[in-house]
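Working notes for the structure below.
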Amino acid sequence: MRNTVSTFQELKNKGEKITMLTAYDYSMAKLIDSSGINGILVGDSLGMVCLGYENTLSVTMEDMLHHTKAVVRGTSNALVVGDMPFMSYQTSIYDAVYNAGRFIKEAGAHAVKLEGGATVAEEIKAIVKAQIPVMGHIGLTPQSVNMFGGFKVQGKNEKVAKKLIEDAKILEEAGAFSIVLECIPEKLSKIISESISIPTIGIGAGKYCDGQILVYQDMLSMFSDFKPKFVKSFGNIGESIKDGVSQYIKEVKEAKFPEEKHAFKIDDDVINKLY
């Protein structure tokens with residue numbers, strides 16, 4: 001049975017942790033979905049881990065719709081959330097609703113995510129009014145990397161911490177069904193999670209959130225450009241891939257692959273007539 005926004009709320013209400021990962025293509029989405037994950041975020045992080053950009057700012061709506069369609073086709077259980085890219089909702093409330101609608105209508109997503117606190121409350125209200133579930137995102141919001149001066153922990157002083165608590169409450173009031181808390185101190189995420197009734201999903205926000213999300217390339221050691229402090233490696237798939245490719249190259253060079261069992265047959269009578 002497909003997870004829904006109601007599933008997320010039910011899990012929080014009974015104290016069971018929510019599990020999420022990113023995915024960007026059909027084959028990986030299918031693997032993750034079959035593992036029993038509650039939700040998959042088609043994150044604009046694809047700009048960095050799939051497209052090689054320095055940050056997420058260059059990702060377009062067309063990029064996001066293309067990848068979201070593939071992920072949806074690979075799932076039957078997970079709630080699929082489409083990440084609204086930079087400048088797809090900041091320009092106007094009309095654009096926010098229109099682009100959120102494209103994720104649902106064209107890509108088949110079940111919800112959208114957008115970054116920001118009080119500044120995006122009206123956009124969230126309008127999107128929810130259009131019957132589209134919204135996941136909020138506060139703390140380190142990568143689309144604001146130039147304002148933050150880099151990828152830095154947020155909420156370490158009283159002023160910013162209080163604002164994050166207030167932002168979470170505002171997002172709940174605006175109609176968000178859950179909120180991602182990224183790169184904020186663990187004890188602050190505990191206060192936020194206890195201050196609102198909707199689920200919090202942490203990434204670099206400690207153990208007190210109602211759920212967790214990671215970029216799958218990070219948690220499987222597939223992305224070597226950098227490794228955030230908050231990431232734990234749950235498998236060294238990157239090395240396994242390199243080992244497999246190296247072995248393939250070796251066997252091709254040495255004419256050990258393909259073997260007879262990998263080849264298709266033809267009758268000798270037919271072959272003899274070809275000479």
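Cβ coordinates come from backbone N, Cα and C, glycine included.
Per Swiss-Prot, the features are as follows:
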| type | residues | note |
| --- | --- | --- |
| BINDING | Asp44, Asp83, Glu115 | Mg(2+) binding site |
| BINDING | Asp44, Ser45, Asp83, Lys113 | 3-methyl-2-oxobutanoate binding site |
| ACT_SITE | Glu182 | active site, proton acceptor |
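Distribution of Swiss-Prot features across the structure.
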residue : record                               : Cβ neighbours (10 Å)
Asp44   : Mg(2+) binding site                  : 28
Ser45   : 3-methyl-2-oxobutanoate binding site : 22
Asp83   : Mg(2+) binding site                  : 28
Lys113  : 3-methyl-2-oxobutanoate binding site : 25
Glu115  : Mg(2+) binding site                  : 25
Glu182  : active site, proton acceptor         : 23
Which ones, of the recorded positions Asp83, Glu115, Glu182, have a Cα no more than 10 Å from the Cα of Ser45 (3-methyl-2-oxobutanoate binding site)?
Asp83
Going by DSSP, is Glu182 (active site, proton acceptor) sitting in a helix, a strand, or coil?
strand
Measuring Cα to Cα, tell me the gap between Lys113 (3-methyl-2-oxobutanoate binding site) and Asp44 (Mg(2+) binding site) in whole angstrom.
10
Going by DSSP, give the three-state secondary structure for Glu115 (Mg(2+) binding site).
coil
